[in-house]
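Read through the structure below, which is laid out as structure tokens, and then see the notes.
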Amino acid sequence: MIALRDITVHIGDATLIERVSAAVRPGQMTAVVGPNGAGKTTLLRVASGELTPSEGAVQLDDRPLAALSEQAQARRRAVLPQASRLHFAFSVLEVVLMGRTPHVQGREGPEDWAIAEDALDAVAMAGFADRDVPTLSGGEQQRVHLARALAQIWTPPDDGHRYLLLDEPTASLDLAHQQNVLRTARAFADQGAGVLAILHDLNLAAQFADHVVVMADGGVHAQGAPASVLTPPCIREVFGWPVCVLAHPTQSCPLIVPDGAEAGATVSDPNSL
């Protein structure tokens with residue numbers, strides 16, 4: 001488990017997050033939601049080891065994260081950042097092989113190549129191995145970088161677990177690519193990995209996550225199972241907009257619908273547009 005306890009981050013005179021506690025548990029997918037500026041990415045950067053907290057403690061599988069070498073951390077957790085655009089003509093397979101760097105001494109071996117190919121297959125990109133990454137669509141590129149992250153932690157360590165940290169993995173993706181990316185992450189969690197995903201779409205969080213952390217103003221407003229925290233009062237208080245929460249017609253998760261009428265919103269006559 002990645003355990004974050006009473007995390008506070010100060011940058012200059014600004015406090016980005018304050019006394020935040022959360023966890024990424026093996027076999028579960030945790031979604032972090034909240035309005036812009038709530039501190040979601042800061043929390044992920046602390047969980048990944050990229051950012052050292054001003055106060056609080058971070059542990060990875062019951063050991064202080066800072067006590068692990070960068071290589072040891074990289075063999076246990078992989079990060080998919082918000083922006084992963086690549087402008088150089090690397091092939092898809094070359095990019096995915098970069099994920100094997102923490103495991104390689106010298107050149108990649110047959111096992112590394114096999115893992116890279118398996119990771120591409122996991123994100124439904126097996127037929128793209130020889131394509132240059134800049135020639136792919138944005139959604140295809142995102143899946144390639146997800147495959148790179150999966151390849152990095154493909155095999156569980158002997159003395160711990162794997163963790164996949166995703167910072168807005170569905171941003172700017174169409175419906176099909178959003179579902180493909182999060183279904184892949186969900187499957188990875190079902191295989192025993194811990195997954196942390198920052199999401200803006202509350203319905204995606206409700207659909208895929210086991211646990212939801214709702215952040216606001218640099219702190220945790222609520223956390224728990226999707227149905228227990230993605231409620232009309234919580235959403236209205238955090239996001240400043242009323243919603244209706246319905247039973248999903250085909251899945252066992254909440255369905256969140258913005259309530260424009262309750263907010264006093266007006267609908268334009270479509271004939272006047």
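Even glycines carry a Cβ here, placed using N, Cα and C.
Taking the domain 'ABC transporter' (2-242) as a whole, pLDDT averages 95 in the prediction. Taken from Swiss-Prot, the feature domain 'ABC transporter' applies to 2-242, supported by sequence analysis.
Look at Swiss-Prot and you will find GLY34, PRO35, ASN36, GLY37, ALA38, GLY39, LYS40, THR41 tagged as ATP binding site, backed by sequence analysis. The secondary structure of GLY34 (ATP binding site), as reduced to three states from DSSP, is coil rather than helix or strand. The Cβ of GLY34 (ATP binding site) has 23 other Cβ atoms within 10 Å, all protein chains considered.
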Proximal but sequence-remote residues of the same chain as PRO35 (ATP binding site) (Cβ under 8 Å, at least 6 apart): ALA216, VAL238, PHE239, GLY240
Proximal but sequence-remote residues of the same chain as ALA38 (ATP binding site) (Cβ under 8 Å, at least 6 apart): MET215, ALA216, ASP217, GLY218
ATP site, defined by GLY34, PRO35, ASN36, GLY37, ALA38, GLY39, LYS40, THR41: further same-chain residues with Cβ within 8 Å of the Cβ centre: MET215, ALA216
